[in-house]
Amino acid sequence: MGPFTLAVDTKSSSLVSSDVSNRKIKNLQLQTKKCFASVSMEEEKPFDFLRILFEGIIAGGTAGVVVETALYPIDTIKTRLQAAHGGGKIVLKGLYSGLAGNLAGVLPASALFVGVYEPTKQKLLKLFPENLSAVAHLTAGAIGGIAASLIRVPTEVVKQRMQTGQFTSASNAVHVIASKEGFKGLYAGYGSFLLRDLPFDAIQFCIYEQIRIGYKAAARRDLNDPENAIIGAFAGALTGAITTPLDVIKTRLMVQGSANQYKGIFDCVQTIIREEGPSALLKGIQPRVLWIGIGGSIFFGVLESTKRLLAAERHPKPTQQSKHD
């Protein structure tokens with residue numbers, strides 16, 4: 001009986017050891033998957049939040065300015081198409097009208113968005129299980145959009161009034177809007193803006209992040225700038241097409257001024273459909289998809305490149321210290 005007992009113990013011990021090794025392999029696989037879901041899943045030091053915030057602000061501001069400058073004429077054409085009633089003609093002069101004033105708002109708005117998005121995303125990825133990483137990206141995108149909207153909306157109101165030829169300078173636009181419509185005039189269409197931008201930000205960043213996760217898992221390496229740009233273009237174009245009706249509503253409410261042609265979001269939708277037909281809600285979809293597709297390519301390409309450059313500046317110091325050690 002003794003040898004039999006020893007044989008049973010040997011098998012059980014081998015089963016235990018194999019079970020332990022299997023658990024270790026599973027843990028390693030889970031850790032590998034988790035590292036694809038965020039910038040870093042390691043325990044962060046207390047000052048890491050400020051670092052992530054700072055790097056997000058720099059990267060976001062840089063990407064926002066580059067995109068806005070490069071694609072402003074397409075955005076102007078899109079705005080004029082959406083603002084035109086019926087078969088109104090589109091003027092192709094002054095396509096850069098309002099760019100300088102718009103950049104003054106785009107820089108802080110983009111910086112604030114990414115500055116809020118990045119740390120929020122990383123915290124949520126730690127709180128949510130791996131299979132809910134998309135929820136973390138959606139939520140972080142929406143929170144970043146809410147924060148940036150405080151700057152984005154007045155900037156958008158002034159920009160679109162200038163694009164449609166109502167004003168010739170940003171300072172004059174702010175002064176006239178504030179004097180005739182009050183401070184709330186600078187936030188005209190705020191509800192429709194959130195209706196468009198919160199889903200847009202959440203969906204675009206979620207699509208982008210989820211494709212990157214899958215791509216990195218398949219390639220088993222970090223993505224290069226062209227790959228980030230291609231994924232960004234796809235995410236931007238798809239999201240832009242989906243949210244075009246919301247963009248049309250937002251544009252109509254923002255450019256109506258003190259005329260108050262529309263009483264609100266629902267009245268705007270009903271009036272557009274009644275007077276111009278349902279297809280009017282897709283006005284400007286071609287330049288919008290083109291603009292946001294190219295913009296997504298540039299934005300995410302510049303964003304990831306800037307984040308990598310900022311991260312590279314922090315690595316040489318520890319490396320040099322390790323060499324001395």
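Glycine residues also receive a Cβ, built from the backbone N, Cα and C atoms like all the rest.
All TrEMBL annotations are machine predictions without curation.
Feature annotation from TrEMBL assigns repeat 'Solcar' to 50-123 (among others).
Taken from TrEMBL, the feature repeat 'Solcar' covers 132-214 (among others). In the predicted model, residues of the repeat 'Solcar' (132-214) average a pLDDT of 89.
What TrEMBL lists as repeat 'Solcar' is 227-309 (among others).
Per TrEMBL, transmembrane segment is recorded for 49-74 (among others).
The transmembrane segment annotation in TrEMBL covers 95-114 (among others).
Summarising the annotation, TrEMBL assigns transmembrane segment to 134-153 (among others). Within the same chain, residues 37, 105, 108-110, 112-114, 116-117, 120-121, 124-125, 127-128, 186-187, 189-190, 193-194, 197-198, 200-206, 209-210 sit at least 6 positions outside the transmembrane segment (134-153) and bring their C-beta atoms closer than 8 Å to a C-beta of that stretch.
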